[in-house]
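A.B. asks: The following feature annotations were taken from TrEMBL:
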type	residues	note
DOMAIN	248-418	domain 'DNA primase large subunit C-terminal'
BINDING	Cys257, Cys337, Cys354, Cys394	[4Fe-4S] cluster binding site
REGION	430-464	region 'Disordered'
COMPBIAS	442-451	compositional bias 'Polar residues'
COMPBIAS	452-464	compositional bias 'Low complexity'
Amino acid sequence: MQGTSSTARTLHGRSLPLLVHVLKSVENLGVSYVKGTELYQSKLEAEIRRLKFSYRESLEDEYEPRRKDHISHFILRLAYCQSEDLRRWFIQQEMDLLRFRFSILPKDKIQSFLQDSHLHFEAISEEEKNLREQEIIASSTSLGGPKLELEYVYKIPFADALDLFRGRKVYLENGFAYVPLKDIVAIILNEFRAKLSKALALTARSLPAVQSDERLQPLLNHLSHSYIGQDYSIQGNAGKISLDQIDSLSTKSFPPCMRQLHKALRENHHLRHGGRMQYGLFLKGIGLTLEQALQFWKQEFIKGKMDPDKFDKGYSYNIRHSFGKEGKRTDYTPFSCLKIILTNPPSQGDYHGCPFRHSDPELLKQKLQSYKITPGGISQILDLVKGTHYQVACQKYFEMTHNVDDCGFSLNHPNQFFVESQRVLNGGKDIKKESIPPETPQPKQSAQKTKNASSALASLNSSLEMDMEGLEDYFSE
């Protein structure tokens, strides 16, 4: 793997535990606002500041941040080279982050950045610029007026400016393109995309050697599929949901992935293993107790002509196991969006997975129509799906079904969808028990819920820090 020079790598400085948050924010804002506009820039800067991510140029003597910068960059190459979807997503978000960081780079640092990035572009002199002033202004729409004297202009080999040439956005003379600073970012991004894409492809070829190291592979899988939000295995809402509420909640507050699983279960009185795992853990996360879960699944499977004894012997063990009452006593966590999107795709006869990722576009359109989404809303969602923004598409579905302009959160988990839905429907309050007698009385748990959530977030951050330390140890050997 090639090293990267100081100024170029400075633009890509990052702390690994923050990067998933940062790239997800870059994705969400990139589909909500027009990239490069003042509003987009201000929103992204505010979000990056909120995450306390170091995005401006580092000081020359900051050796330790640079060391972590190099390590984290190549770790993420290893983590995100493992599939075409991961590579595409990683490259796009890194390009958008680079575009933002280049836009705020001081002008006196731009030339050193280009040199350190091995882009041999030189700004032309004022005399050369004055000679070609009219032609450059006429050809470069980004200038927006006769303000060329305030703008750097770069003389670039024609072959490096093909995209600008195709769009008739650049002045050509004797095999060179004269590119204003505002347009040079397009050339930098193309170069970055090509190099990162090639690097990820080469890294993917080396994966068999990496996967043979039992210390490294589990950590890389965790990074590429990691979910770093609230831990929904902590049942702060246990007992607050009654079985009689589930049908109503499925249409009001379930995300589409869980809504289709519930519908399939009610119609077929059965789900295959993948569907039972995905839906069962979701129900556990929204508050079903073990006793309720056993009753819920048994009642439904018996409707499908299953013998009660067969259910008790073949299925009840798996339900108890998911609650940590059997086997290794592992308390299983509800699946995050990333896990649903990237692992165990559904096959014929399955109903699990993510409808935005795994459904045929025409079938998805029909499903959204049945959910009473407007034609305009469906078009927006399908455009997001076409751009592989599956979680953002689900977020847009949330906004349309709850009649809000901006949901105010980045969607990462089906149980997060449910919790936020209940807050909207209940006027900002947490899950509300409907006027149905509870099956088992439960004490109020609001204080404990807050404490548990804080504890879970601290635990997850600690886990990611440990991953970082383990990977640093590996690369320092």
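Cβ atoms here come from the backbone N, Cα and C positions, even for glycine.
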A.B. asks: Return the count of C-beta atoms lying within 10 angstroms of the C-beta of Cys257 ([4Fe-4S] cluster binding site), excluding that atom itself.
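C.D. replies: I get 25 for this one.
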A.B. asks: Other than Cys257, Cys337, Cys354, Cys394, which residues of the same chain sit close to [4Fe-4S] cluster? List them in sequence order, counting a residue when its Cβ is within 8 Å of the Cβ centroid of the site.
C.D. replies: Pro255, Pro256, Ile340, Ile341, Pro355, Phe356, Arg357, Tyr390, Gln391, Pro414
A.B. asks: Averaged across the domain 'DNA primase large subunit C-terminal' (248-418), what pLDDT does the model get? Just tell me the whole number, please.
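C.D. replies: Here the predicted model's pLDDT, averaged over the domain 'DNA primase large subunit C-terminal' (248-418), is 92.
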A.B. asks: On a count of neighbouring CB atoms within 10 A, which of the binding-site residues Cys337, Cys354, Cys394 is highest?
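C.D. replies: Of Cys337, Cys354, Cys394, the one with the most crowded Cβ is Cys354.
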